[in-house]
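To keep things clear, I will list the structure first and then write my remarks on it.
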């Protein structure tokens, strides 16, 4: 294994280590901390480059082994990202001009330049490798576990109980140093035997998962990588249900986990009506229909192709995979809730669901992903309350921006008239209860009853909070009726 060190001495220090392929880490002892974008274009292989625009605050050294690369150094967060400029580019974040959603967040987050949105990672394992014993000269044994030994203790114990509905994704995210989506999804791929069955290259898989995790916006209170990890864990729980586990093929499981992990990829932290009324390019591109879901799907396809994870499969299979992942992700569009729920209810009423039929299995996976996406009210109160606060914070942040720019405040987004309790009671009444009642008809198991039990208790808890805040009043938020009257549920049935 070839290791080469490059040192520069001056007011700032940096080293680069090349191990077969470039793994570049930049360290700077400047106490001020700034964000610097250093671009190397049309560089010759093997050339050692010092970027002049970075001289004052940071000296960037990049050993180019092939092609041109981009390095973005953000000192304030010590985030180093590297990505090859070559390769397939699909509809991805930063590939078109658009409103910079970072203006919606705090001033400290605005410092990142707009052009930095174009930067992608080839080997962005910086958080995983920061404390790695490899860089302390200790040989790392071959293992399919992505966790560093420093984190293997408690995090590995949690992964042993990944099928437990009480799984605390917030704790797991802390134990994995912010890598919950990568760690959990990689573990589930291994647990379900997908790596062996589909002969996946583990490095390509890790690269794909890292790119997925990094393409979620960490500044979003709710729609971030932790939410994606939570949905993926919930999907795993549903895949274990007897009716599904006995019928699903490895292909079905593979699609389900990828769709769950990428279902909100590159979510901007605002909803579809906001994109439409601001004439966002995505709204135009997708003709105001399932705008975000289409973007999540296309972004996922872009990462799959860029990573080359399934390059060994036939073109026909890859295209089928991309299409079916799209079907799953598009099903999470909440505006289509009534359509999917009506179809689900009709199948259950007729009793004609046959999981030996690939189309029926695919439909059930769509319903399972819909359940996983909005299952927060079905978690324990401690977890559910945190999610409720986070999603409401994101709603209110959008409302603040809409007020600032006189756009008209969207339903549920006005912090002056809405409360967490009112929003959650309406959400549970009009969206969550009808869906999970039908799911319990399909899969009447202990897990289904547990979810409905938590849902009832959480709704009662929010009603108690509501009474304390207002001294009585409506149980449900009328804003949910304004959003889409077609989503109003029928009486839930548990037969």
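Including glycine, each Cβ sits where the backbone N, Cα and C put it.
According to TrEMBL, the active site, proton donor annotation covers 223.
For residue 223 (active site, proton donor), the same-chain residues 6+ apart in sequence whose C-beta sits under 8 angstroms from its C-beta are 216, 217, 264, 267, 269, 394. The AMP binding site annotation in TrEMBL covers 223, 224, 225, 226, 227, 264, 373, 424.
According to TrEMBL, the feature Zn(2+) 1 binding site maps to 227, 263, 264, 373. Within 10 Å of the C-beta of residue 263 (Zn(2+) 1 binding site) we count 28 further C-beta atoms, all protein chains included.
If you look up TrEMBL, you'll see 264 marked as Zn(2+) 2 binding site.
The feature compositional bias 'Acidic residues' is assigned by TrEMBL to 474-485.
Per-residue confidence over the domain 'PDEase' (147-469) averages 97 (mean pLDDT, predicted model). The feature domain 'PDEase' is assigned by TrEMBL to 147-469.
Taken from TrEMBL, the feature region 'Disordered' applies to 463-495.
Look at TrEMBL and you will find 12-34 tagged as transmembrane segment.
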Binding-site residues compared (224, 424) - the one with the fewest other Cβ atoms within 10 Å: 224
Output field, Zn(2+) 1 shell: CB within 8 Å of site CB centroid, site 227, 263, 264, 373 dropped: 223, 228, 231, 260, 267, 296, 332
Whole-number Å value for how far residue 263 (Zn(2+) 1 binding site) lies from residue 373 (AMP binding site) (Cα to Cα): 9
Cβ packing number for residue 373 (AMP binding site), 10 Å threshold: 23
List of residues, in chain order, with Cβ under 8 A from that of residue 226 (AMP binding site) and at least 6 apart: 169, 170, 173, 180, 181
